[in-house]
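Asker: According to TrEMBL, the protein has these features:
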{"type": "TRANSMEM", "residues": "38-65", "note": "transmembrane segment"}
{"type": "DOMAIN", "residues": "51-316", "note": "domain 'G-protein coupled receptors family 1 profile'"}
{"type": "TRANSMEM", "residues": "77-99", "note": "transmembrane segment"}
{"type": "TRANSMEM", "residues": "111-131", "note": "transmembrane segment"}
{"type": "TRANSMEM", "residues": "152-175", "note": "transmembrane segment"}
{"type": "TRANSMEM", "residues": "195-220", "note": "transmembrane segment"}
{"type": "TRANSMEM", "residues": "265-286", "note": "transmembrane segment"}
{"type": "TRANSMEM", "residues": "298-319", "note": "transmembrane segment"}
Amino acid sequence: MNSSLDLLDLELLNQSGSPFCLLDMGYSQIFNTCLLEVAIILLLTVLIISGNLVVIFVFHCAPLLHHHTTSAFIQTMAYADLLVGVSCLIPSLSLLHHLKGLDEELTCKVFGYMVSVLKSVSMASLACVSVDRYMAITRPLSYATLVTPCRIRVCILLIWLYSALVFLPSFFGWGKPGYHGDVVEWCAMEWGTKPLFTSFIVALLYVPAAMTVCFTYANIFRICRQHTKEISERRARFSPQESSLGQDGQPQHAPACTDKRYAMVLFRITSVFYLLWLPYILYFLLESAGIYRHPVASFLTTWLAISNSFCNCLIYSLTNSAFRKGLKRLCSFCVQRVDSKNPFGPGPGHGQGPVCTRSTCHV
């Protein structure tokens, strides 16, 4: 009942001459737009585009990040998130009245489809990353033959194709794939979700991805704990000097510990992804079942989920030492370029910067 009144209020506001605003606050008569919505969407757009551009550049300038095969999936996520940021310009331009000449229905469907496909690519890539780490730990001897660059490329291609096909029925009257375009009036008022299409998306995307991630990471950490326990018992039986040195007299590092640290970084990325997307998925299910519908909840859960496209950049910069080294090299290269264009020459204390090629940077 309350949701019906909210939608009725939005319709009355629109008939009174004011622009369509999902949020009840933030409308400016001076600018004739929804300032709060524009501010939120533009801020996220700038953060997502700039953050993922940095991630992409760092991956091309940090050879250490290519030691793991998962880097291909992480780069796929970065490109998908970058396209999410670019596509977010559509609702921004809509709120600023720059899309008046376009068909609202077509604009809404194209934008909703694009963002749904791109976030599906991220979700499927995270599932593939967890499977990759699971195989690396459970089958270390045969991993190199099972996971090849060619198979990774085929897997990434299938991820994009599968994601595009899952949401394609939204163009044929099956229903709304999500709430990404609700800042456009037609999306919120005319285009509704349908239980069958929602169940279709959940069954083919959300549930398989979530179950895969839970199964693989649960087994990864179980195996790592078992390996750590075995190493501790082995060190207790032998002297510290013998257990800490290998056959060549060099310090011996446990591969399981390295794999566990890298798995923890990927697990944090996956956990943040699902934490930010959980409110959106729950609201998607409730609205599709006709239990609850509210324009403010639609807006907040949608853009909270989209904000995940920027969070991956923060997690990498805070938890991955190789990424931080690549970021420092990229910053050093930019400083060197600025100094080289300075007519007075580089300042004191500046040394030789890194030399970047197509895929690597050398100091």
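Placed from the backbone N, Cα and C atoms, the Cβ positions cover glycine too.
A TrEMBL annotation is a machine prediction, not a hand-curated record.
Mind running through what each feature is packed against?
Answerer: Sequence-distant contacts of the transmembrane segment (152-175) (same chain, six or more residues past either end, CB-CB distance under 8 Å): 69, 72-73, 76, 109, 112-113, 116-118, 120-121, 124-125, 128, 192-194, 196-198, 200-201, 204-205, 288.
Counting same-chain residues at least six beyond the ends of the transmembrane segment (265-286), those with a Cβ under 8 angstroms from any Cβ of the stretch are 70, 119, 122-123, 126, 129-130, 133, 178-179, 193, 198, 202, 206, 210, 213, 217, 221, 292-293, 297-298, 300-302, 304-305, 307-308, 311-312, 315-316, 319-320.
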Asker: Which residues, given as numbers and ranges, are at least 6 beyond the ends of the transmembrane segment (111-131) yet have a Cβ under 8 Å from it?
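Answerer: Sequence-remote neighbours of the transmembrane segment (111-131) are 70, 73-74, 76-77, 80-81, 83-84, 87-88, 90-91, 155-156, 159-160, 162-164, 166-168, 170-171, 176-181, 184, 187, 205-206, 208-209, 212-213, 216-217, 220, 266, 269-270, 273, 277, 305-306, 308-309.
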Asker: Over the span of the domain 'G-protein coupled receptors family 1 profile' (51-316), how high is the average pLDDT in this prediction?
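Answerer: Here the predicted model's pLDDT, averaged over the domain 'G-protein coupled receptors family 1 profile' (51-316), is 81.
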